[in-house]
């Protein structure tokens, strides 16, 4: 059961290009205002929901008692990125196809919100992964930076047609070198995202572990590895080609030769409030249309 909570400030994050998401957002806003709560959306989300008067600076969402994410898994990832560090829990309403994260069906939106207001629901924590980028020695112009994701960290080649050379250190000790298209370091939640597409293992999402999956490696040892959650995975870019770092599909960080990306469990998990006991293997069966035979 989720702890009894006062709902004075409710944040809403909405998919900006789906009519169903806008319709659900209007219903959530009406429900919240009937409760007497203050509703907050970013400017872009407020315009998408047809409620521009409710727009606030995105930084204010961390003051919410709960954030309602309306859309698909991508919208949930965006909401997590905005408020998870502050420990704000999320309710995820599905406005698309069956997802792994957005679990409340549109027709059950008000029921879920009523359950939330009554203090019912189950608090579920999902491990996140943190990536700290350290530039090459002798590069004082590039600062150390840290990014956090719910699904995965990916270090991949910056040029199509060329491979990437990585030295991998596990818990501070050299493990091996890879010639590869990239390396995925995923959480259990992310094991059904990019990691799955490169033949990584499926891990139950509430488990705690790091999953390291090479992308098209050019060596005999081409297997994924499931590591303890307390492990660190450090990827050093070697050779003369840069790499590109992406976190939860959001790219833009170049890692020059000699730079390192250290991946570890983030100190603060993502928090979700769930209202139904959906078994993970049932979600997999529906997602992949697995037959009962």
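Including glycine, each Cβ sits where the backbone N, Cα and C put it.
The active site, proton acceptor feature in TrEMBL is assigned to 73. Taken from TrEMBL, the feature NAD(+) binding site covers 73-74, 78, 151-152, 162, 181, 192-197, 216, 250.
A gap of 14 Å separates the Cα atoms of residue 152 (NAD(+) binding site) and residue 73 (active site, proton acceptor). Considering other CB atoms within 10 Å as the measure, the emptiest surroundings among the binding-site residues 193, 195 are those of 193. Distance noted between the C-alpha atoms of residue 197 (NAD(+) binding site) and the residue listed as 'active site, proton acceptor' is 16 Å. Each residue contributes its Cα atom, and for the residue listed as 'active site, proton acceptor' and residue 250 (NAD(+) binding site) these two points are 14 Å apart.
For the recorded positions 73, 181, counting C-beta atoms within 10 A of each C-beta gives the highest total at 73. DSSP assigns residue 193 (NAD(+) binding site) to coil, not to a helix or a strand. Long-range Cβ neighbours of residue 250 (NAD(+) binding site) (same chain, at least 6 residues apart, Cβ-Cβ under 8 Å): none. In sequence order, 13, 69 are the residues near residue 78 (NAD(+) binding site), counting only same-chain partners six or more apart with C-beta under 8 A. A 10 Å cutoff on Cβ-Cβ distances gives residue 197 (NAD(+) binding site) a total of 11 other Cβ atoms nearby, all chains included.
According to DSSP, residue 181 (NAD(+) binding site) is assigned to coil rather than to any helix or strand.
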